[in-house]
Amino acid sequence: MARSLYEWLWQHEFWLPPGITWEDMQESEDTHYPQPRDLLLSIPFALILVVIRCAFERAIALPLSTKLGVRDKQRPKAQPNPVLETFYSTCRKNPEEDELLSLAKKCDLPVRKVEKWFRRRRNMDRPSLSKKFSEACWRFSFYIISFFTGLAVLYNKPWLWDHRECWTGYPQQPLQPSLFWYYMLELSFYWSLVFTLPFDVKRKDFKEQIVHHAATIFLISFSYCANYIRIGTLVMVIHDASDCFLEPTKIFNYMKWRKTCDSLFMIFSAVFLISRLVIYPYTVLYNTYYYSMEIFQPFFGYYFVNVLLIILQLLHVFWSYLIIRMVYKFILQGTMEKDMRSDTEESDKDEERDKIREKEKNGITYFSNVTSNGYIQRNGSEPLDNRAHLANGHAKER
């Protein structure tokens with residue numbers, strides 16, 4: 001059964017253009033082609049990157065955050081409550097109104113205190129500012145290394161300047177060692193992001209991030225097996241270009257350097273919109289859809305790789321929409337809005353309102369008590385019982 005599935009999966013009709021078989025892709029001493037088994041190396045490399053990341057964040061990023069004045073906000077802790085904790089961990093983190101009423105009855109607490117408990121409990125699970133800073137530092141370091149590695153690998157390659165060269169001699173294009181290691185670097189990094197996904201900062205586009213990582217891993221893996229190496233390297237360089245500006249924007253935001261953050265965000269927005277909505281469609285999508293047909297006829301791999309590339313483009317459009325909204329509000333308001341992708345901490349203003357309500361309530365109670373006893377004291381003045389009232393409304397000391 002396994003052998004039949006293996007033979008079906010690796011039919012040359014799926015991976016290679018018409019007229020080309022796996023026999024035509026046999027290696028020699030001087031010629032090496034991508035081998036699917038090479039992709040297994042990305043798993044141990046990804047684990048190594050996870051270890052390097054942990055060491056980097058603890059030894060470099062966290063101390064750097066302290067020196068740069070990144071301070072974690074002191075969050076009030078939710079009081080231990082087994083009933084609420086069980087509901088929080090097994091049912092949902094943000095209960096509905098009827099659920100709040102039911103929980104309040106079970107715990108014999110006011111509904112407002114139950115709401116406050118869940119608000120504090122959710123804030124306890126949110127990542128600290130230093131964690132966000134450390135994660136941004138790690139990604140910034142990687143994207144810088146990856147981007148300049150890609151430029152160093154591709155600057156003398158003909159397909160960087162003439163995109164039709166991506167298909168010259170395809171699929172019998174020998175694999176160069178520099179391209180192999182560049183591929184392994186990128187694929188290992190995205191595998192490492194998948195491994196650390198449960199522990200990373202969760203943003204509002206968490207589901208889109210999962211789709212992005214999955215599409216990227218499938219795209220890199222498939223392009224390697226089908227020897228779409230040249231087009232794959234273009235995709236990776238284009239993506240890394242804008243990410244090099246996104247992460248430092250986050251870093252300066254956490255440092256509260258607003259002007260620097262705003263300036264970097266505008267640069268990032270321009271680079272992102274140009275690279276993802278202009279360069280990527282022309283250099284990659286148009287290239288794979290149109291130029292490739294000058295060399296071979298459509299086959300399964302042609303359709304599959306284009307579907308993956310279009311999925312990435314749809315994600316580009318989604319993120320571009322969010323970026324354009326932020327830029328629009330920045331132009332109108334003059335200040336940068338908080339990252340709409342971030343799962344921001346719930347404001348303590350609700351708690352402040354609760355305190356104000358309690359103070360007002362206590363003040364009303366105090367006022368009603370003292371007036372019922374005929375006793376009002378303001379600013380240290382004496383009780384009215386010690387004063388004699390005159391007809392003209394003035395008080396005279398006895």
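Just so you know, glycine gets a Cβ as well, placed from its N, Cα and C.
All TrEMBL annotations are machine predictions without curation.
Feature list (source: TrEMBL):
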TRANSMEM  39-56  transmembrane segment
DOMAIN    84-128  domain 'Homeobox'
DNA_BIND  86-129  DNA-binding region
DOMAIN    131-332  domain 'TLC'
TRANSMEM  136-155  transmembrane segment
TRANSMEM  180-199  transmembrane segment
TRANSMEM  264-282  transmembrane segment
TRANSMEM  302-324  transmembrane segment
REGION    341-398  region 'Disordered'
COMPBIAS  341-362  compositional bias 'Basic and acidic residues'
COMPBIAS  365-380  compositional bias 'Polar residues'
COMPBIAS  384-398  compositional bias 'Basic and acidic residues'
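Mapped onto DSSP classes, the DNA-binding region (86-129) shows 32 helix, 0 strand, 12 coil. Confidence across the domain 'Homeobox' (84-128), taken as the mean pLDDT and rounded to a whole number, stands at 82.
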